Structures are given as structure tokens and as C-alpha cells.
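Annotation comment: Swiss-Prot describes Ser258 as FMN phosphoryl serine. What Swiss-Prot lists as FAD binding site is Ala311, Glu330, Asn338, Thr339, Gly343, Gly344, Asp573, His739, Glu768, Ala783, Leu784, and the listing cites similarity to another entry. The annotation active site, proton donor is assigned in Swiss-Prot to Arg632.
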Amino acid sequence: MKLIAIVGTNAKQSYNRILLQFMKRHFVQKADIDIMEIANVPMFNETEDQTDLPAIQNFNTKISQADGVIIATPEHNHTIPSSLNSLLEWLSFKVHPLDGKPLMIVGASYDVQGSSRAQLHLRQILDAPGVNAAVMPGSEFLLGRAHQAFDEAGNLKSEATVDFLESCFFKFLRFVQVANQLNEPEEVSFEAGTYQVTTQGHNGKLPMTVTLSEEKIEKIDIDSSGESSGIADIVFTRIPNEILEGQTLNVDAVSGASVTSNGVLDGVARAIKLAGGNPDVLRKRPKAPSALDKEDKTYSTDVVIVGGGGAGLAAAARVLQAGKQVMVLEKFPALGGNTVRSGGLLNAADPEWQKTFPANPGEAHNLSELIQTDEDSIAAEYLADFKELKQQVTNYLKDPSYLFDSNILHRIQTYIGGKRTDRNGCEVYGNYDLVKVLTDKDLDSVHWLADIGVDFDRSEVSMPVGALWRRSHKPKQPMGYAFIEALDTYIRKNSGTILTDTAVTDFILENGLIKGVLAKGRNGQTITVHAQAVVLASGGFGANTKMLQQYNTYWSNIDDNIQTTNSPAITGDGIRLGQSIGAALVGMGFSQMMPVSDPNTGAIFSGLQVPPANFVMVNQEGKRFVDEYGSRDTLSKAAIDNGGLFYLIADENIKATAMNTSNEKIEEQVAAGTLYRADTLESLAEQIGVDPATLVETINNYNSYVEAGYDPEFDKGAFDLKVEKAPFYATPRKPATHHTMGGLKIDTQAHVIKEDGNKIPSLYAAGEVTGGIHAGNRLGGNALADIFTFGRIAAETAVTECC
């Protein structure tokens, strides 16, 4: 019988290790006991997945292959050591080798009671659903006063103690035999037919149709129309394919889409129950063969792109347009990164188009205030542009009936919008050369994307929260998936290679020069890519709370439990890669919060997300508290100062301007209590717990400001609609981490710059992995302009210099 024995401490001197070594010798005729140490297992950190580390994979493999497991634990503060707890966290996070595995607990400690309380706690952990070990009931071996229990040879001195240990161990051997019989695969049969079930997806109900024969799951059809395009698409192919291939429900959830993944698995399980089958039998079956591929692979290409979001895919498409080979490596199962989670609004001044639209009330006043800015407060490198802008606006104000814009207005707003001072008194603003490239070439990015296949809606000029001006170009297809779908299609049609589930870990260096990258595949296999150039486009670190806290110099506090709008993939990998070869960092202390995020999930597209000109924000007293047209950090700080939670108030007309929803979704959210609706403002106030008279007064005042085109309370930058037509809505909102402005230092050609100021040969970067453009605060809509503009530039420079 093959047993794994785990020393439950990383201490160099341990009586639990001595106990297991004694058991290995004493029971050598009964079992082959392999003792494993946990010293090299990292502390568990959910935001930095290290499941693929050899130390963790070694435990996963050996435990999976063993007949049973013994854990020897000491007792620290009435519980198990943190190092042992970390191991169990890793072994129940992405891999689950202890599921159903027969397990025996032993323990040694200095105290007379042995490790009784630690063993009790350990048993509770092992019984948890994510671990689900088959712990032997009853018999526990507790070795008290362990420092007196062994002789110099490491043998137990007391015959009675040895007898008790033998009794426990022999019971465990019998327990292993019985428990493993229960783990043997069972046959399952179904009542053949087609079964309709409804399960829960990320965005709501997920209808499914499952077809079963008497012995097999034959077909799985999913109505995914209610889910966000791009984010969960991989779920609707991978999960059903692996279920059908292996005839198993032992399928891993897709990273970044675990709610929808588990919804699909639950839906199939419900269908199996309806057909008279037992889904638990299928949960114990092996994974599908395709899910177990561990073969190392090696590739060669001209340019390798690290990251499959908007910046990475734009760079890849541009490499292909230059006639070169490209590979995109994306660590998550699906492409898209933060781009697919964005609102799809791309800032670019397009005056000829914009002037065909009328100005909104307050916009001319906004420009008048801007050009009155004291020139002494403008940085020297921006001053000439500011003076030219003053002349442009002065001429415009002679007839301010239409929507004005220019590259220079965009540049100055990006500069002023990003100009911030941190808690240490350090003032930052965007690098002029980088901001100039952004605002001069962003319209080229719009035209380039249209040529790639993105269909833009030219019927209106859009504006996201914190943008400061209406200049956003919006695809007809909702949100950011339009960009990802078009670029993905272009890359695949033009023979580009995309590998998902491929996390880059290191550069390949030859004589100090970058010659490609090393990566880990889905099952820990090594992926080697030789290339002439590397483009880092892996995003920022908005989903890595510890890293945010480490670098933060702007916010007074970043809470451990803060929500994020980001993909879980956005954890700073590319920044750390750059640091590993001496890349300089810039602006790392500044992160941005999205003020209008879901209080429970951090999502930005629940409730009613409308243009800022239609924002009416009220606090928990029913009062407005900020200029809703302001920058994101201004809105977030104001919200935090007002308790965090606030409400966006809308009426039927404002609801029609929402860019993120449908009537069906609205009904579901109202029913779920995550969106409030009422026929009167008084009734709405009661639902959200504010004084009705206060809310009515607030809205009446706001409506009068819309009529006047001026807000005497908060000087709102622009207005559109009044709040006057029932039904009325309240969307709960709370700030969540959204964007990190800092990252790798680059120049205007997207070279990554070393700490000594020199370029790193063959290394380029684009998008949120870089810093220097947005400084202390990013304008809404500038992220997409950034990634598509500098993604193209990075590719062009890489091809010109290296290929």
C-alpha cells in the first residue's frame, strides 16, 4: 500500500517529523510511506496563483497517486501551523487531490494533551467541501510530551504508545481499503430524453437543454444570450466539451468565469437528476483527457505578445499587417482582459463629426472656466498648447451651438485631469511626449479599428464617467467585446497564433539579450517561445490588492476587501517581468477607483449606467454631494467621504440612455432587489431608506439647474435630461478599484526603459502595463485610446527594429 505522510510544519526541528520517520521504519512491511515536507510551499495568496509551482504540483501528483495520506500536525495557538494551512488552501484552490482520499491524522506536541485541539481544527478543515478528504473517524494518535517520547535513535520508548500507534495504523489500513472501494467508478444510467433546466449564470438565469441517452450525455445546449459577450464565451464551449468527452462532471471552472462555469455544471447535474441518474457518480470520474495534457511545447515566431487584451491583440494584428509572424500568449482561458469588461468607449477628438451634434447645456460654461486657468499653474511643456487652446475656445464661444473639440483640448484635459499630488506632496502629470502621441494618433486608431472590422455607431457622441468631454467613439456591439471579437477574428484569419491558459513566467535570455519567453500551460507544462521581439501587454495590477496596497501613495487607505472592476487576470505579471531585467517603473503609487461600481461585485454594468450628463448622485441622506461630471477620483473621494454607498437616480427618459442593459435585465434586478424602481420619488426614497421630502427637494433643485444650465451647488460641468417621468430608478453604487496608472516606463516608440535610462533591446510595452501617460488619474475613455494607439506603435517598432 502506498501512503503519503505530510510533515505539518516547516520547522527544521520537529517531533512530528520524527514520529513519521518512526512510522515509516516501523510499518515498512505493511506500507510504503513517502514523507513529504512543506518548507517550499509558498503562503497561500488567491490573487497570485502559484498552483503550477513544482512544490505544489508535486503534492498534487503524489497524493493523487497514493492510496492514502497521513498528516502529522503540531499545535500552535490551539490550531495547526499557518504553513500547513497554506498547503491545504493550495490543494483545494485549483487542484483537489484530497477529494475522497482516505486520510489519517496524527500529532505530537510538548503539551500533555498532544495536539488534540489542532487535530480537531484540522479535521474540520479536511471536512470542508473544497477539500472533502475521507478522514478516518474515531481513532486519533495524540503524542504528548513528545520531547520525552523518543530515544536517541528516534524510536518511541513506550511499548504502550507503540501498541496504540499500531492499533490506529492498522485500523487506517483497513479504512483505506474500504474507502477506496467507495471511490471506484460506478456505472450510471439515465432515462433517455431531452431535459430543460434553468441554472444561474453571472448575469442572471441561464437556460439549458441537456440530451441524454440511457448511458451517455449526448448534447448540451446553452442559451447564453443573457451573459456578457466575451467574458464567459469560453465557458459555453470548454465546459460542455469536457463533460461530453469524459462523460464526467469532474471539470475545472474556467478562471475568471467561475460563477457561470459552476452554473453550467449545476445545470447538467440537475438534468441528470431529472433523468434518474446520480450526478455524484459523474463528479468522481476522471477528468477528460484533453484537460490533462501536460506535454511541454516549443515554438518559434517573429514577435511574441504577452497578454491577450486590447493592447496585445492590436499589436498582434499590426505585426501581421507588416507581414511577420506573431504569437499571443494569454494566461487566462479567454481573451479580452479588461477591454472586454469595458464600456467600449474610445476617446478621440473628431471635430468634423462632433460639430454635427448640438452642444449640451453647461458645456460652453465648462470651456470658459477651463481657459481661465492661471497660466502659471500650467507646466512649461504644455503652455504653448494651452495658449493655442485659449484661442480656439475663444473663437468657438462666438457661436457655441455645436459640440466643439480638438486634439489640443483632449491633450490639455488629459494633462489637467491627470495632474495630482500624492500624500507625500509629490505632484505628477502625464509625460508630454506620450500624451501628445496619444491625442494626435487616437483618431487613427479609430479608423484602423474600423478597417479591422469594428462597426462604430456614428449616431451619437458618447462619454463615460470621468471623461470630462463628449468625444467617445462607441461600437454598435455593446461594450468592449466588439474590439476583441474583430481583432481575434483578424488574427486567426491571417495565420496568427493565440495560446490561452498560458502564463508567461520568464524571459529567454541569450548573452543578456531577450530571445523569447517561457510560460506555463494549463496543467503546468512548459511552453517555450523563441522570438526576435517581445511586447508586454498584460495589463496593470487592479486585481492584486496586496500590490495596490504596497505601492499606494494616493488614497488614505485601500481596504483588504475592496471590490474591483478588473478581470482576475490583472495582477501585475508584466510589471514584475519587466522589473526582473531592470525596467524602470513610473507612477506606481496612483490607482483609480471607479465610483459607479456595484457594491457587491465591483461590476460596472449592473443597474443603469448612463452618461455623466444624466448622473444624479445622492448619498444615504438623499442629497447630492458632488459635481457628477467630475473626474473619477474626485467622485470616488466624495463617495467615500459620504459613507461609500450612494445611489444613481434616474427616470424613464434617463433609463433610455443607459448603455448597459435591457428591459429583461432590469426586471431581473428589480426582482432581486439590486435595482430599485417606484412610481413616485417618495416611494423610491422609502425603498432606499432616505427621507422622501429630502429626495424630492434634491430632484426638484436638480431639475431647475438643468433648465438654467447652471448648478449653483456643485457647478456640474454639463446637463442633459431632467428627472421627471415615472417610473423612477435608484441604482446602488460604491467605488471599486478600476485602473492602475503606474507601470513600466516607455518612450514614444513603446521601448521599455531601464532604470539607467537606456532602452531594453527587443522589449516593448503597451497599455495598462505601462505608466507615464495618465499620471495621477485617467480620463474615462482614454484607456482604449491608449491601448490601441500604443499597441500599434509597439508592434511597428518591434517589426522595424527586430524583424
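Numbers here mean position along the shown chain, with the first residue as 1.
Keep in mind that glycine also has a Cβ here, set from the backbone N, Cα and C atoms.
In terms of C-alpha distance, the listed recorded positions Asp573, Arg632, Glu768, Leu784 place Asp573 closest to Ser258 (FMN phosphoryl serine). In the shown protein chains, 31 other C-beta atoms lie within 10 A of the C-beta of Leu784 (FAD binding site). Counted over every protein chain shown, other Cβ atoms within 10 Å are most numerous around Asn338 among the recorded positions Ser258, Asn338.
Spatially close to Arg632 (active site, proton donor) yet at least six residues away along the chain are Val465, Gly466, Gln592, Met593, Met594, Pro595, His738, Asn777, Arg778, Gly780, judged by Cβ distances under 8 angstroms. Sequence-distant neighbours of Asp573 (FAD binding site): residues of the same chain at least 6 apart with a C-beta under 8 Å from its C-beta are Val306, Lys331, Ala503, Val504, Ser538. If you draw a 10 Å sphere around the CB of Glu768 (FAD binding site), it holds 35 other CB atoms from the protein chains shown. Cβ-based neighbour count (10 Å, all protein chains) for Gly343 (FAD binding site) stands at 21. The record assigns Ala311, Glu330, Asn338, Thr339, Gly343, Gly344, Asp573, His739, Glu768, Ala783, Leu784 to the FAD binding site, and the maximum Cα to Cα distance across that set is 24 Å. DSSP classifies Leu784 (FAD binding site) as helix under the three-state reduction. On its own chain, Ala311 (FAD binding site) has Thr339, Ala537, Ala766, Gly767, Glu768, Val769, Asp786, Ile787, Phe788, Phe790, Gly791, Ala794 as residues at least 6 apart in sequence with a Cβ closer than 8 Å to its own Cβ.
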